[in-house]
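**Q** To start, I am sharing the structure in question, which I have written as structure tokens.
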Amino acid sequence: MHFTAFNSSPGPRKVDSSQVCRDPSTAPLIDYKTAVIMILGSAVLVGGVAATLFAPVSGLPATAPIGHKRDALDDWIAKQEPISYAGILANIGEAGARSYGAGRGLVLASPSTVDPDYYYTWTRDAALTFKALIDRFIVTKDAYLQTHINDFITAQAALQTVSNPSGTFQDGSGLGEAKYKPDGTAFTGDWGRPQRDGPPLRATALIAYGKWLISNGYQDAATNIVWPVVKNDLAYVAQYWNQTGFDLWEEVKGSSFFTTAAQHRALVEGSSFAAAVGSSCPDCDSQAPQILCFFQTYWNGEYIVSNTNVDNGRSGKDVNSILTSVNTFDPQAGCDDVTFQPCSPKALANHKVVTDSFRSIYGVNNGIPEGAAVAVGRYPEDVYYNGNPWYLATLAAAEQLYFALHQYSAQNSLTITSTSLAFWRALDSSAAEGTYDSSSQTYTTLTAALRSYADGYVAVAQKYTPTDGALAEQFERTSGAPLSAKHLTWSYASVLTAVSARNGDVPASWGASNNSLPSTCQSSSVAGSYTAAPTSPTWPDFPCSPAASIAVTFNVQTRTAPGQEIVVVGDVEALGSWNVERALKLEASRYRDADFPLWLGQLQGVQAGSRIEYKYVRREANGDVVWQGGDNGVVEAKVDGCRDAVAVGDRWD
């Protein structure tokens, strides 16, 4: 296989040329401008409902007596989980509080537009986010959330057909494009492409929803709306899995453990889903065993070498591998080494090697002994923003261990092998090889230590989360200050999935235990056939109680100078009843156009069906004001099915 190694460094995006030396003939050239997207902090009341976007999170002490640590963590989770959920929704669609300009159903990676510019929709990030949201919906049956899921699937059907620098829809190559503009059009700038993890991850998310539809009497929707999108993604995987591509960090072109795992899972559950909708996927059946065979080559006897077919001088130790064990977790698979299940000896040995690789290189980890949780980054050689811990990486380290605990509980035993012994001895120096029944004291001691260790990683994320709960991409390796893209959707999603795993909520089996390795590995692929899925489907009339109140987001681009601010005033109490002193203060956030930054703010609890007249006002530092000219703006708080948010976009020249 021919490959090209790129020595660039994105975050899951690209780093600019001032941060990393690279080959100018091959490396993407990205022009980053600036961005500061802040949590909307103005609290207003609409009909007695607080309109602050997020509730503040009380700070917790860095250390606490052992007896209180669990309670303190529980308290933080109870506050952070809803903040993270709201943070995700704020980055989705045309009415999201931070997603101005996004198409319906499209999720932004982050509202940051500069330093770094993540104001795009990534197939991978969106798929992982919506898998978390779909798993949440299956539990909560939230009709509002279901509307977002339906919009996402509709948007993906259109996105699949967009021609882009990775290729076209006709031969499937275009499905490997990493990211698109917020409105769903092609991004044509230089980038690390193709990225082959997006289609299988999207298939996995949609299959989970499709199974729910079938189980709840919506067979036609699963067959006619969901399956056509999934079918194209499965065809892409079967055709292109044996070709190199860029990894999830978008830096290295080669073979990625994370991508290979996603491809195998998608084909396995894709075959089962095909049968459930009255179809078949013979290419899934023929290629999945070969992918599983290739999957074994990443293990080097001590840990998972996360990127192969590359020559980049790295050790291969990468949280890529821990994320893989999380994403391919199957509650019915047991501690299977072949699919690197969370409790498998290989996955545990790898967990120790990867997390230990950050133990001595980050200042925030100074003084933390072996066997105690640490802040985790992408890989130890990372130089993006000087290489720092990531919230999603640290939480993934916890999530794998929570899933391992579930697997031990399900099988009523715990086995320590020579492969996993070092992992266990770091937690309990008396640990020894053997199988321990759940009724034994050793089992109780070891699983208690494991849960405490897992909680430790969540506590690290807690320690470096700002008091308002806003999650960036990274936190600085020495000070712990939030860094890089603000309000990263994937960071917020990682809180949801880690908390869900901690609570014992597990997804349905994807069939991991029904696979076996072929006697001979073959480098194979199957040319795919691609048919556009419906882009304006008629979804069933799902149960829905129209919202009594909705959120209204104001977005205005206008010229401002340092010291000036923009407020919105209107004919309702929440907008000051035309009194500028009581107007809603907007936040300046995006600077794609330096002369006309975007100012935004959100009211929550606006009575459904109401009509609001408003104007923008520019306020000087000395209190002088300039009113927007012309007619009043008008926004109607219309209820559209189970959607409970609207947005207005204005420009004040």
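Cβ atoms here come from the backbone N, Cα and C positions, even for glycine.
Annotation source TrEMBL lists active site, proton acceptor at Asp247. Under the heading active site, proton donor, TrEMBL lists Glu250. According to TrEMBL, the feature substrate binding site maps to Trp191. Per TrEMBL, compositional bias 'Polar residues' is recorded for 1-10. The domain 'CBM20' annotation in TrEMBL covers 544-653. According to TrEMBL, the region 'Disordered' annotation covers 1-20. Summarising the annotation, TrEMBL assigns transmembrane segment to 35-55.
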**Q** Return the count of C-beta atoms lying within 10 angstroms of the C-beta of Glu250 (active site, proton donor), excluding that atom itself.
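**A** So the number of other Cβ atoms within 10 Å of Glu250 (active site, proton donor) is 25.
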**Q** Have a look around Trp191 (substrate binding site) and count the other CB atoms within 10 A of its CB, chains all included.
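**A** Summing over all protein chains shown, Trp191 (substrate binding site) has 24 other Cβ atoms within 10 Å.
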**Q** Measuring Cα to Cα, tell me the gap between Asp247 (active site, proton acceptor) and the residue listed as 'substrate binding site' in whole angstrom.
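**A** So the Cα of the residue listed as 'substrate binding site' lies 12 Å away from that of Asp247 (active site, proton acceptor).
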**Q** Taking the Cβ of the residue listed as 'active site, proton acceptor' as the centre, how many other Cβ atoms fall within a 10 Å radius?
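**A** If we count other Cβ atoms within 10 Å of the residue listed as 'active site, proton acceptor', we arrive at 26.
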**Q** Quick one: pull the CA-CA distance for Glu250 (active site, proton donor) versus the residue listed as 'substrate binding site', whole Å only.
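**A** Roughly 8 Å, rounded to the nearest whole number.
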**Q** By DSSP assignment, list the helix, strand and coil residue numbers for the domain 'CBM20' (544-653), in that order.
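**A** So the domain 'CBM20' (544-653) is made up of 9 helix, 58 strand, 43 coil.
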